[in-house]
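To start, the structure under review is shown below, and the notes come after it.
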Amino acid sequence: LTQPVTPDLLVSPSSQDGDLGSDCPEDRGNWTGRLDFLLSCIGYCVGLGNVWRFPYRAYTNGGGAFLVPYFIMLAICGIPIFFMELSLGQFSSLGPLAVWKISPLFKGVGMGTILIVSLVAIYYNMIIAYVLFYLFASLTSDLPWQHCGNWWNTELCLDHHVIKAGNNTIPVNISNTVSPSEEYWSRYVLHIQGSSGIGDPGRIRWNLCLCLLLSWTIVYLCILKGVKSSGKVVYFTATFPYLILVMLLIRGVTLEGAWKGIQFYLTPQFDHLLSSKVWIEAALQIFYSLGVGFGGLLTFASYNTFHQNIYRDTFIVTLGNAITSILAGFAIFSVLGYMSQELGVPVNQVAKAGPGLAFVVYPQAMTMLPLSPFWSFLFFFMLLTLGLDSQFAFMETIVTAVTDEFPYYLRPKKASFSAVICIALFLMGLILTTEGGMYWLVLLDDYSAGFGLMVVVITTCLVVTRVYGMKRFCRDIQMMLGFKPGPYFRACWMVLSPATMMALLVYNIVKYQPSEYGNYRFPTWAEVLGILMGVLSCLMIPMGMVVAVLQEEGTLWEVGVQQASRPAMDWGPSLEENRTGVYVASLAGSQSPKPLMVHMRKYGGITSYENTAIEVDREMEEDDDEESM
């Protein structure tokens, strides 16, 4: 008997090899399991900022009352923009550069994103190097920052054990003293006394240089095979920090004086809610904690299957991130409460944010506990795992963006290309390992992802809703998920989210303050350099516009701008069987007039997603009829 022959019209190019089961572009790679994506997003969002920024921001902006603006801002601009990024990535299966086929005129937004992420990746890995340094230093029976009397200590150094052993008979003035942990950080780890400022970097600290090399090596080995390797590593790096956080929390709340710190952290001061600064701080915390605008979410979603339920994943990740921040506050402030009681000073005198908390205050608190090296090792191991999966996302974003632009040349050599990127960023980060490296790190931290990142997010939001069109974007989501986003998401995308971002941008410009580190004020040329970092990412947008218009033929406005702002011919789902309606037969070499027929062959019937496709097609035809009338 002869085998039945399927007419060419019913076969898509992706199914001609007989494999109709694939739902992802194989040459690009994809997640090997659904949990890979979810854990990668959790690991990316839950980072160092949850531990060292949120608790401090909460207590300085009204304590428990801060949670009110925090969750309101999460609802207004956190969840909607998060969902928008995931939708763009999953629908197109493209990275942060190639995704701008949605409107080639604005491809500069993707270029600005890559510039921002590259600068952040340079200094973020230096923070991981500091964590590695402290991790190795904790492998001892006596922590090196526990006592004074070392070669790096000065006469101002005062050990807390001296205060405790004084039996309060002799009053000790601690206002002009320095803790051993602070001198260990500044005079031994950084050796900052060897630099007079940002213009005098001094010598390379080779122990820091080796830690930086090790951190880049770890990152490279974990992203070596793209999401196939990093997607497995996050099973550990995204979950293990929670185990350590719970251990630190249990240990913290059982310490004497712990409730004093927790009370300080959560006591609501509702009068703060009348201040605009508190609402801006809440929005900033949401904005940076969720990692919107960096391209990481879009990149991760681009490796999903077309019908992955990102609507559910959005709420799991965003709410999980918020709860983690609150839990971290309990773990941190319970220990700070104990520390303030031991030192006999108010909690607000020991509470700090950023590196000051991670590398000075908390290590000092660890020295007051029994088995201090064990708790110190756990704390820094938690910071290491928190930092690494965020760094995986930054690197995957850069590599994916460039390889999607040059798939024929770079995808077969993705491992080698990743190595080149890691080596280049390591070499650029060498200045951070010098004696004055902390000044450069502060400059990068203050300016690399400041107003430039906000401009990128605002532009993305406006292009998707105004240029591409809200109705079209909602239909795209309906093709993927089987339902359209509700009024809540549409209202946020159209008005509330961009308006909030605009307010943040204006606030940042109006309330601009020059960078400083301790008592050191940065010179004017350093401020200008920092501002240029932010401006350059914004300038990528008009530069990209000029390039896009010049590539079009015809007059500037009638053909150039209008044509460049429309979606590219091949914009849409990456697999032909997922292309319906306006996306039918728009792939190069496409033969199938209705990919729905391919689905019917594959499944033996029409699934709920095909029903959705039919509805979308019918709506589009009705709209076309209305426009023609």
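Placement of Cβ uses the backbone N, Cα and C atoms for every residue, glycine included.
Now, the feature entries from TrEMBL:
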type	residues	note
BINDING	Gly43, Val46, Asn50, Ser289, Asn321, Leu386, Asp389, Ser390	Na(+) binding site
DISULFID	Cys148-Cys157	disulfide bond
TRANSMEM	37-55	transmembrane segment
TRANSMEM	67-88	transmembrane segment
TRANSMEM	109-136	transmembrane segment
TRANSMEM	233-250	transmembrane segment
TRANSMEM	282-303	transmembrane segment
TRANSMEM	315-339	transmembrane segment
TRANSMEM	374-394	transmembrane segment
TRANSMEM	415-441	transmembrane segment
TRANSMEM	447-468	transmembrane segment
TRANSMEM	488-510	transmembrane segment
TRANSMEM	530-550	transmembrane segment
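Between the transmembrane segment (374-394) and the stretches 233-250, 282-303, 415-441, 488-510, 530-550, it is 233-250 that has the most C-beta pairs under 8 angstroms. Same-chain neighbours of the transmembrane segment (109-136): 48, 96-100, 189, 207-208, 211-212, 214-216, 219, 293-296, 355, 358-359, 363, 376-377, 380-381, 383-384, 387-388, 390-391, 394-395, 397-398, 401-402, 425-426, 428-429, 432-433, 437, 440-441, 444-445, 448-449, 452-453, 455-456, 459-460, 463, 533, 536-538, 540-541, 543-544, counting only residues six or more beyond its ends whose CB sits under 8 Å from a CB of the stretch. Asn321 (Na(+) binding site) sits 39 Å from Cys148 (disulfide bond), taking the CA atoms of both as reference points. Taking Cβ pairs closer than 8 Å, the transmembrane segment (282-303) reaches residues 24, 28-31, 37, 40-41, 44-45, 47, 49-50, 53-54, 57, 61, 66, 69-70, 72-74, 77-78, 81-82, 85-90, 92-96, 99, 110, 113-114, 116-117, 120, 227, 310, 317-318, 321, 325, 390, 393-394, 396-397, 400-401, 449, 453-454, 456-457, 460, 500-501, 503-504 in its own chain, all 6 or more past its ends. Each residue contributes its Cα atom, and for Val46 (Na(+) binding site) and Cys157 (disulfide bond) those atoms are 35 Å apart. Tertiary neighbourhood of the transmembrane segment (37-55): same-chain residues 31, 127, 227, 230-231, 234-235, 237-239, 241, 265, 285, 288-291, 296-297, 300-301, 303-304, 308, 313, 316-318, 320-321, 324-326, 328-329, 332-333, 353-355, 357-358, 382-383, 386-387, 389-390, 392-393, selected by CB-CB distance under 8 Å and a gap of 6+ residues from either end.
A distance of 38 Å separates the Cα atom of Gly43 (Na(+) binding site) from that of Cys148 (disulfide bond).
If you measure from the Cα atom of Cys148 (disulfide bond) to that of Leu386 (Na(+) binding site), you get 31 Å. When the Cα atoms are compared, Asn50 (Na(+) binding site) and Cys157 (disulfide bond) turn out to be 31 Å apart. When Cβ-Cβ distances below 8 Å are used as the criterion, the transmembrane segment (447-468) is approached by residues 81, 84-85, 88, 102-103, 105-106, 109, 112-113, 116, 119-120, 123, 287-288, 292-294, 493-494, 497-498, 501-502, 504-505, 508-509, 515, 530-531, 533-538, 541, 565, 567 of the same chain, each at least six residues removed from its ends. Beyond its flanks by at least six residues, the transmembrane segment (315-339) meets 38, 41-42, 45-46, 50-51, 54-55, 58-59, 67, 70-71, 74, 78-79, 82, 242, 245, 248-249, 252-253, 255-266, 285, 289-290, 347, 350-351, 357, 361-362, 364-365, 368 of its own chain at Cβ-Cβ distances under 8 Å.
In sequence order, Ile42, Tyr44, Cys45, Gly47, Leu48, Gly49, Ala238, Thr324 are the same-chain residues whose CB sits within 8 A of the CB centroid of Gly43, Val46, Asn50, Ser289, Asn321, Leu386, Asp389, Ser390, the residues recorded for Na(+) being left out.
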